[in-house]
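Engineer: From TrEMBL, here are the annotated features:
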- 824-841: compositional bias 'Low complexity' (COMPBIAS)
- 23-193: domain 'CSC1/OSCA1-like N-terminal transmembrane' (DOMAIN)
- 219-382: domain 'CSC1/OSCA1-like cytosolic' (DOMAIN)
- 393-682: domain 'CSC1/OSCA1-like 7TM region' (DOMAIN)
- 809-850: region 'Disordered' (REGION)
- 23-43: transmembrane segment (TRANSMEM)
- 124-144: transmembrane segment (TRANSMEM)
- 174-194: transmembrane segment (TRANSMEM)
- 395-418: transmembrane segment (TRANSMEM)
- 448-468: transmembrane segment (TRANSMEM)
- 489-510: transmembrane segment (TRANSMEM)
- 559-582: transmembrane segment (TRANSMEM)
- 603-625: transmembrane segment (TRANSMEM)
- 631-648: transmembrane segment (TRANSMEM)
- 669-686: transmembrane segment (TRANSMEM)
- 692-711: transmembrane segment (TRANSMEM)
């Protein structure tokens, strides 16, 4: 049989990717891969905890004590539950862990993510119930419809036999079932979304009232951006602009400043410390491998002497630390940024100001006000850039996102084309003949290969859009998460959905188009006939849009099946496992590299949430065309809830907790998905001349639009600021006196001014060699043997704890980082030297005005 013959094409349509057999084959493969991944993970987890549950490994280790002295601020979750070493013990832990436990251990971002995943799963289940009913309605449309056929339906063994095309062709009255199901599922979705908003507001209001937030400096601070150039001379101009907005009860106004010279010195210090660690590891690596002490008293490596290179590096590090300390004490050259910080006495005052002036266009002089994030959440290299430059870069970034959304269709079309039978025959005739004789194999290839290649491409998108977001100047971690989420959702919905469908519509509409045929079609005896033919042609094209959109349902069903079936591969973590094995086996790692090789990165909320939103969007849009798709959407969200919950607790670090700042952005896209699905169903019904059901869908669309706006507007302000209706506001209290540097770290100063200088992190058996240069490394051997698990534990297990003015044992309360972290000799806020006249003038005005 010729591959280009009509018989083969017809056979392929009957037995290709659109068949139920092809779907079962695809489900079988994805199930095998998914189950295999779960079993592989369950078997390897107890044996490779540094890869599969590093958070638990690090948080349980005694070596976690004092870790901040060797590394920058760590975000390893604490108070994690115990995980049995049984094969499926991890599943019981995921099931038993409550939202309150997640909030206590991981923060508000994590608990809101889990609540979001649960809500999306519940909504998907509600849609699935409606989809099952629609499947029955669609399947009964041909045999029970008013039109009786004497021939067997051509859709009997295809997925289209379960699609809405059945009642459209054979029983139009059955479409009322789709309208009724749309009303019921929309009501369920709105109820669940409103419930999620209520929970979000309750979590936020409770967070605002916690002592950790209400009495913190950042709760009383407002971040002001888009300052004018004339405001950069000193702090007085910022104070005057606040007074123009009738804000007079602030306690201080401070410009954001960057310190390039000091920043470079701190970075150079870190490089020298890393180099010192490498030199010591290369010098003593073999001796340490052969020396295994039996108790803490014999810990020190005997007869060990620092090599000359290490002594030189220690001297350079010590000199650089003195230089940094001098720059912090006596001042250094600084540059003002287009941003500032306005501090108030109480958190209620800052919240009141932002509720009135926060947002675009509300503040005077074109300024933008918002509640300040934690100092550690600021991205200083992006903060306070020139507003005009940032506007240009934002516009350029948006064009790049649009360009990527359009241009990626070309490789997408190429991948799709390569899996067509005729293309295979032309490229590799033997393969084409084999595929023509095995239509089920062809169906399998067409259903599984394109989605796999597409997903491989999508893996690099979050990093790419992150680069675009950085170029656009996202100055807080929360803003960066929101911007990347928007870009990812735009790409998925426009480039991966709308443009893909539009290309298919254009191809089908103009594949046989010729100028002569166009003129002939619209030729007529008078203008009325011409207009009538034009209107008929427009109707045909409108119908073509609906038909083409519906025809893509099989492709997206295959996509969702692959996504759900292959989702457990997230657990396998094959790439980190391979990288860890290769580096440990074939590389000589320093102790710092050893601990960082599997250092868990922060959980990428923007990437994960965007992908979940896309599956929700696709499922909602095609639920009424191919209702079978929602069965697999439910499986996807069930796997997502289990796997992402596990990864949040035991695999990824906490990262920056924005207290759910991203949730309103996500909520709007949930509503947009429901509205898009309703609009498509209404459009489909109207183009096939089902006017009354289409009218009911238009009414539902309008009701959902205004209902969504009502839900969002009702809860949004309460989620952003303190509200009296949610309980009494805490009474301001005088906080206990803490170390000077602890207070300064919570002020909004450049990290180079307050960041602790890390200590060399070496094997504990040679730490004594560095004590003359780094006194804080002096080991404490008393009772150390009882606390130490092995000589490979972190050296901080032997580091003394200082309970006094420096509060060195508490992350975030340590002293200013000199060589030993002691800040007792430092006085007030470090001076910043822009110019002597400007500093003196600003100081005089501040004392007089503030």
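Placed from the backbone N, Cα and C atoms, the Cβ positions cover glycine too.
From a predicted model like this one, the values you see are computed outputs, not experimental measurements.
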Engineer: Quickly jot the same-chain residues contacting the transmembrane segment (603-625) by Cβ under 8 Å, restricted to those at least six beyond its ends, or write none.
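Structural biologist: Distant contacts of the transmembrane segment (603-625): 109-110, 113, 116-117, 120, 123-124, 127, 130-131, 134, 163-165, 178, 181-182, 185, 462, 480-482, 484-485, 488-489, 492-493, 496-497, 549-550, 553, 556-557, 559-560, 563, 633, 636-637, 640, 644, 647-648, 652-655, 662, 666, 669-670, 672-674, 676-677, 680-681, 684.
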Engineer: Of the stretches 174-194, 559-582, 631-648, 669-686, 692-711, which racks up the most C-beta pairs under 8 Å with the transmembrane segment (23-43)?
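Structural biologist: Of the candidates 174-194, 559-582, 631-648, 669-686, 692-711, 559-582 scores highest.
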Engineer: Apart from its near flanks, which chain residues at least 6 from the ends of the transmembrane segment (692-711) lie with a Cβ under 8 angstroms of it?
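Structural biologist: Distal contacts: 175-176, 178-179, 182-183, 186, 190, 193-194, 197, 671, 674-675, 678-679, 681-683, 685-686.
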Engineer: Averaged over the whole of the domain 'CSC1/OSCA1-like cytosolic' (219-382), what is the pLDDT?
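Structural biologist: PLDDT averaged over the stretch: 87.
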